[in-house]
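Everything below concerns the one structure shown next.
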Amino acid sequence: MPGQLLASVSAPSPPSSPPMNDPFIPHKLSYIPSQTPTQAPQLTNHSRVSVLYTKPVNSSIYASILESCKSPKLGTQVHAQSIKTGFYENEFVQTKLLQMYARCGCLEFADLLFEIMPIRSLYSWLAILTAYSNQGLFEEAFSLFQELLFEDIGLEFFVFPVVFNICSGLGTVELGRQLHGLVMKYQFFSNIYVANALIDMYGKCESLEDAKKVLATMPQTDSVSWNSVITACAANGMVYEALEFLEKMKSSDNSMPNLVSWSAVIGGFAQNGYDEEAIELLFRMQAEGIEPNARTLASVLPACARLRNLSLGKKFHGYITRHGFMSNPFVVNGLVDVYRRCGDMDSAFKIFSKFSLKNGVSCNAMIVGYCESGEVSKAKDLFDQMELTGVKRDLISWNSMISGYVDNFLFDEALNMFRDLLKVEGIEPDSFTLGSVLTVCADMANLKRGKEMHSYAIVKGLQSNTFVGGALVEMYSKCQDLQAAQMAFDEVIERDIPTWNVLISGYARCNQSGKIENLLANMREDGYEPNVYTWNGILAAYLDNGHLDLVIELFSEMQTPNTRPDIYTIGIILAACSRLATLERGKQVHAHSIRCGYDSDVHIGAALVDMYAKGGSLRDSVLVYNRISNPNLVSHNAMLTAYAMHGHGEEGIALFRRVLATGFRPDNVTFLSVLSSCVHAGSVETGHKFFNLMGFYNVKPELKHYTSMVDLLSRSGQLHEAYEIIQKMPMEPDSVLWSALLGGCVIHGNVELGQIAAERLIDLEPNTTGNYVLLANLYAYARRWSDLARIRQMMKDRGLNKSPGCSWIEDKDEVHAFVACDRSHKRTEEIYTTLNNLTFHMKTGMVAN
């Protein structure tokens, strides 16, 4: 870092006035003292250069040419010509050459020229300072400024905006305060350009209080002053304070909010996640007569994208098209992102292919979009085309494809993509790459491959990375190797809450619930308080392991002011209630979700539909389904399943037709539910139609779909057609399918097919009593008493008894299950005493009657 400013800097001589014909503009080196009053003629770049060869020239002509020069090649030609004509040693021309090289980014040429200049004016120093600053070499630039302080050159006010910009690049507020003192000492603070640059510096150094103090003490302010403070507040996340300054600006004497003011506030709100507020402010700005420019639109489009508001996105698209902003690459990329996040990849691709500047950013955005919408093959096609179209595939491109494969459960493809990446020269996998590959190993429970990735991480020194370490902990946990998970956790240098959460959920997943309390205590000792994600991880693990009572118990313990369940917690609890069929507890969770405003959420709505259906209340399922604000296919499937579960076949078929009419593409769950509805409705023709419709939607029939068709045909008496389906199936039938055929044979008395189905069933499940009972019923229907006696004897020889039915009752948030002659309940004596009393009263009542 640069050293501190020397306290004993001599006071400057009275500053000379800048040239009258070129007023000062901050941060631009647009003037130097002219040594000749001759006004340069107004010419184009190439005609200006030709003047050097055709007419007598002077320093002003050189200055005019160099001022407009933006090409290093053209600049070096002028430089060479100045040497030939003898103007090279002219201080004025040398300074203009220096400014030109600084402007064109030719730091090496500027540096060489500066070193050999016999006389360095303040403007020469300013040019070289700007050159270093523009290249991001802030420490070197500040060292040059320190050298300038020891030169016998009086400082002018226009040096300090550049120096403050250098200080902003260094991000050192203490240095900025020293420079502030230097400005006060030189009596430059009253200059509005210096004060504005000072506000900008404090804002970029995250010292808002200092920035506000400067504004409050300025003798004169302008729109730049206010905008600097507004920008500082917005950039540091103080968005509502930025809005307050914008309102104060309206009441100031000499400034009104302009496009810069509004854009700073709108951009601040959008960048800090206040998406709806950012869009509302944009509309307010328009209402006050200020139209957005490309930069404003580019800043607010991400907010629209995060809101996934397709209708609003289309309005932005129309505005952008009408006002000619489709040529701006940032606006175009923003529009692509809106359509991508809203799932409209067709529109995203049209804009991308027609208007987007084909580079890594735009291509990567499209790859991510295709992967998110499940169109991984299109993402891979675009990925393959990048190199062919001259767009270099960077690590982000590879990571997007790998994570896209992972998110779409294409694990083998993800691993193959990782292998291909290792062969690419110049690109090294990073922590995100390894995190995605370790997720594959975790989801596949592939411990061998996971250890290989662990070894690779160690070779690359990434095993102690927080992200990679957490992925290793999760991989070992899912592979049931808690010892290795703990060792991977201990390797992480900077542990954070997510890393702790992964470890704790790993122990819960491995049924080590007894160690959870100790882990939570260790987490607190490490300086982290368990949050809602900690509890969600434990709850999800308990749910997966079937510890449903523990899920309900832990949820009750979470009802504290410090830990509030979130929407994911509610989803987990509702799933537990569904499995337990605890309707009363489910209603309590439903009430909690209403208080939190979650009940209209599509995911919670689907979980509630499922919970009420499994709890026996189809009416409540329908009511919840109708409250979902934007139902998706998952919620539609939940309602279709509910209808099928309760035997409301006609309602299920009608809902399926409405789902198709609204444009949803059904999946295998949708078809399974509607085929089950067809079974309950006895609609054979409709069932055939829907089964054949699966091919139209590219849904491959699974065993359960064939079972539904066999069940439908068997119940309707079309047993031979059902048997033909079984014979033509591309997979082996299971016991459920044979049971469906056997049930139909029992109903319709088809002993021949019934015997075939029963034999297959007994081969698959020789110890299942129900199979023998169904066959016995079939023989009884056909009056084949000898076969019936044979089956009963077979059951007796094999020690098979009919399983008793099970009943349960929910009382005070507890479920009690019973079977016939059951004496395992802890309150058995009390239960049987009550049962005997009821039996006695029923008998006496019958005698009395």
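Placement of Cβ uses the backbone N, Cα and C atoms for every residue, glycine included.
Features of the protein shown, as given by TrEMBL:
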REGION    1-20  region 'Disordered'
REPEAT    121-155  repeat 'PPR'
REPEAT    222-256  repeat 'PPR'
REPEAT    258-292  repeat 'PPR'
REPEAT    359-393  repeat 'PPR'
REPEAT    394-429  repeat 'PPR'
REPEAT    496-530  repeat 'PPR'
REPEAT    531-565  repeat 'PPR'
REPEAT    632-666  repeat 'PPR'
REPEAT    667-701  repeat 'PPR'
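Predicted-model confidence for the repeat 'PPR' (222-256) is 85, expressed as mean pLDDT. For the repeat 'PPR' (531-565), the DSSP counts in helix, strand and coil order read 23 helix, 0 strand, 12 coil.
Same-chain residues lying 6+ beyond the ends of the repeat 'PPR' (258-292) with a Cβ under 8 Å from its Cβ atoms: 223, 226-227, 230-231, 233-235, 237, 239, 242-243, 246, 249, 299-300, 302-304, 306-307, 312, 323. When the repeat 'PPR' (496-530) is classified with DSSP, helix, strand and coil residues number 26 helix, 0 strand, 9 coil. Sequence-remote contacts of a segment are chain residues at least 6 beyond its ends whose Cβ falls under 8 Å from one of its Cβ atoms, and for the repeat 'PPR' (496-530) they are 466, 469-470, 473-474, 476-478, 480, 482, 485-486, 489, 537-538, 540-542, 544-545, 547, 550, 562-563.
Counted with DSSP, the repeat 'PPR' (359-393) comes out as 26 helix, 0 strand, 9 coil. Across the range of the repeat 'PPR' (667-701), the DSSP-based residue counts are 27 helix, 0 strand, 8 coil.
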